[in-house]
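> For reference, TrEMBL lists these features for the protein:
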- 1-23: signal peptide (SIGNAL)
- Cys138, His140, Glu174, His198, His401: Mn(2+) binding site (BINDING)
- 218-316: domain 'Peptidase M20 dimerisation' (DOMAIN)
Amino acid sequence: MGFSQWLSLTFIFHAFLSLPISSEPSLSPEGLPQIPVNFLELAKRPEVFDWMVGIRRKIHENPELGFQEFETSKLIRAELDQMGIPYKYPVAETGVVGYIGTGSPPFVAIRADMDALAMQESVEWEHKSKVPGKMHACGHDAHVTMLLGAAKILQDHRHVIQGTVVLVFQPGEEGHGGAKKMLDDGVLENVDAIFGIHVSASRPIGTVASRPGPLLAGSGFFEAVISGKGGHAAIPQHTIDPILAASNVIVSLQHLVSREADPLDSQVVTVAKFQGGGAFNVIPDSVTIGGTFRAFSKETFIHLKQRIEEVITKQASVQRCNATVTFNDNGQPFFPATVNNKDLHVHFQKVAGDILGTQNVLEMQPLMGSEDFAFFAEVIPGYFFFLGMKNETQGRFESEHSPYFRVNEDALPYGAALHASLATTYILEKQSKPNPPKGSSHDEL
């Protein structure tokens, strides 16, 4: 590192560490960890915490489905305007992308998803969803709030951010592949890395969990229409029974994992939909089945897709039926596996350890759930982690996608501070590396 770079870094560290709660700054290993600690103290201040709680409750009361997040997007833009943060809108229909810093490299992104789920909330409380049949049951209201909280912290320190933090407010995560649409709109142009958070009802508040490498599975959906010949149930010999054919198909699909898959290569095939018939004494003309399949490698995923189609069509044929198989309705993309960058894992462990203590930074096993953050992590280094919010003194916290799902709002400062700290320290560490070619900048700033 040259003397001028060292001098610049010294100034940056002193600026960040000059908050009232900090001690005398230094470039020693004891100095850098103070930045995340200070950010957490800022996020926990009553005026900041109450502001975040208010935002989260407004979003929770007015849930919107994928690519319909017009009011959520409007709220985000209003908060960014009030903070003086420039942004692009619309991106991928309802998305918002904000910029904090110099508008020049290095660029690092922090992301939150915005959409709700099509389900009725069963939690009775003052800020229950006001929209029948829609609910924030996956914590996206908290994700947006934490990213806005990080934006407030970062904007207050924008003059000492020698790079650019990109705020990605993403629509349509719940099965719509909104991340893919944002990529197509160029939101990660010139961006070096991206971080994402998901709240977790199963992990204690004050902890985080993740791992390097594969974290979440790639996923796809399938639907098959199995057609036979309907008739009276009392004379089945004059029919071609699609219910019997579909039943054989479902049993055979289970063999794909239990008898064809390597036990060390995790895979899932689940049939979750079976629709056919409407009377006790009538064999229907057709049956519709559907489900999901998941894997961690592209090769396994492609092979599984091929075998699902083969098993359905050929097993139906054995029962004298015809079958048509479709994958992912309305041209929605398959979700790739979410794979965490190993270098970013080291960075995450260091920053999260500074905020929470190393004993509260947990390494987890991969999950068969999926996340469209994976689209971002496919094209640039990405890192996704889970933020604990369980507190047994506040009762049971149900898992995501439950009508009884609740957010522990005490977790909001942790998420905001982690977002801000991961981005800030990433930029600081990039200062010692060679500058990228001229022309890599964003003129929104």
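Cβ atoms here come from the backbone N, Cα and C positions, even for glycine.
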> These are the binding-site residues: His140, His198, His401. Which one scores highest on other Cβ atoms within 10 Å?
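The largest 10 Å Cβ neighbour count belongs to His140.
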> Among the binding-site residues Cys138, Glu174, which residue has the largest number of other Cβ atoms within 10 Å of its own Cβ?
Cys138
> Applying the rule Cβ within 8 Å of the centroid of the Cβ atoms of Cys138, His140, Glu174, His198, His401, what extra residues of the same chain belong around the Mn(2+) site?
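Neighbours found: Asp113, Asp115, Leu117, His136, Ala137, Gly139, Glu173, Glu400.
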> By DSSP, what is the split of the domain 'Peptidase M20 dimerisation' (218-316) into helix, strand and coil residues?
41 helix, 35 strand, 23 coil
